[in-house]
Ligand code: ATP
């Protein structure tokens, strides 16, 4: 006999990775977080999360770096789904199947992307009507980057990154991402190195730079290249010197600019266009400077439900 659970179709949502075009880090706050002034861009590397009605909560992970992603209650997608269930009164457990394309612990917010995708998939599955502001607040409880990954596009992030304001952006930017082989970097480890480097010095409140804003408004990749910045870069490079070598190689092979993505270690190299991005990706791998490269364009949409395939 077919159970009621099996009759309910599963819902799949897709969420993008992010790169920080600018990451300004302020002093450490009393709650342990840092005030940030960041400009996010969502890029076309995606994780897919399928939410299916189940007898108990659970998740499975496939795809890139799947083995290093927790499948217990520490998985951010599961944390997000359970929080939405609690707040909305939806009591039906789900099983989440996560398919990863975003490098894990790479500074591209893959875990937060899974949380954002889980929220929109479960919202659809459970028919939860929730105001956007309320969903944003719930997302922020799961992680600082989750609200941005619901929105996508290009946006300023303030507070600890969770307060998102969309910015006017033009054009399509061509990125080559180089995942650094090895363990990845833990975000708290990189912030601890930032704090140690600034010990005894005054760290000023960060403000989003006018230069990045006008660059993304112009749609000119050279202008954006000149404006990219990341206050955590010295710390990520000090922790993993290989990052510095990869940045050097990307510049040598024609990138307009290359920076650490978020807290790293992934290197984000900006190319002048599609052809240049292909050339850069080929040079980096053929020379042996990189073992692996991922090409993507931005900006792209935030988390959204994928159409259900029609059964004929
Ligand atoms: P961020 O830039 O948001 O700090 P990141 O991109 O460096 O994060 P993530 O891929 O989000 O790193 O993973 C950070 C850690 O979160 C991982 O080491 C993993 O243990 C944990 N984690 C929990 N849920 C997930 C998930 N669904 N996907 C990936 N990692 C997850």
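Keep in mind that glycine also has a Cβ here, set from the backbone N, Cα and C atoms.
Taken from TrEMBL as is:
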- 18: active site (ACT_SITE)
- 145: active site (ACT_SITE)
- 103, 104, 105, 106, 107, 108, 109, 110, 111, 112, 113: ATP binding site (BINDING)
- 75-153: domain 'GHMP kinase N-terminal' (DOMAIN)
- 213-286: domain 'GHMP kinase C-terminal' (DOMAIN)
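When the alpha carbons of residue 105 (ATP binding site) and residue 145 (active site) are compared, the span between them is 14 angstrom.
Same-chain residues with CB within 8 A of the center of the 103, 104, 105, 106, 107, 108, 109, 110, 111, 112, 113 CB atoms, the ATP site residues themselves not counted, are 17, 102.
Mean model confidence for the domain 'GHMP kinase C-terminal' (213-286) is a pLDDT of 96.
When the neighbouring Cβ atoms lying within 10 Å are counted for each of the binding-site residues (103, 107, 111), the highest count belongs to 107.
Close contacts with ligand 1, defined as a Cβ under 6 Å from any of its atoms, occur at 105, 107, 109, 111 among the recorded positions 18, 103, 105, 107, 109, 111.
With respect to residue 18 (active site), the closest of these binding-site residues in Cα terms is 109, chosen from 103, 107, 109, 113. The most crowded of the binding-site residues listed here (105, 109, 113) is 113, judged by how many other CB atoms sit within 10 Å of its own CB. Geometry remark: residue 113 (ATP binding site) versus residue 145 (active site), CA distance 8 Å. Between residue 111 (ATP binding site) and residue 145 (active site), the C-alpha separation comes to 9 Å.
According to DSSP, residue 103 (ATP binding site) is assigned to coil rather than to any helix or strand.
Within the same chain, residues at least 6 positions away in sequence whose Cβ sits under 8 Å from that of residue 145 (active site) are 18, 40, 109, 112, 157, 161, 162. Under the three-state DSSP scheme, residue 18 (active site) falls in the strand class. Applying DSSP to the domain 'GHMP kinase C-terminal' (213-286) sorts its residues as follows: 44 helix, 11 strand, 19 coil.
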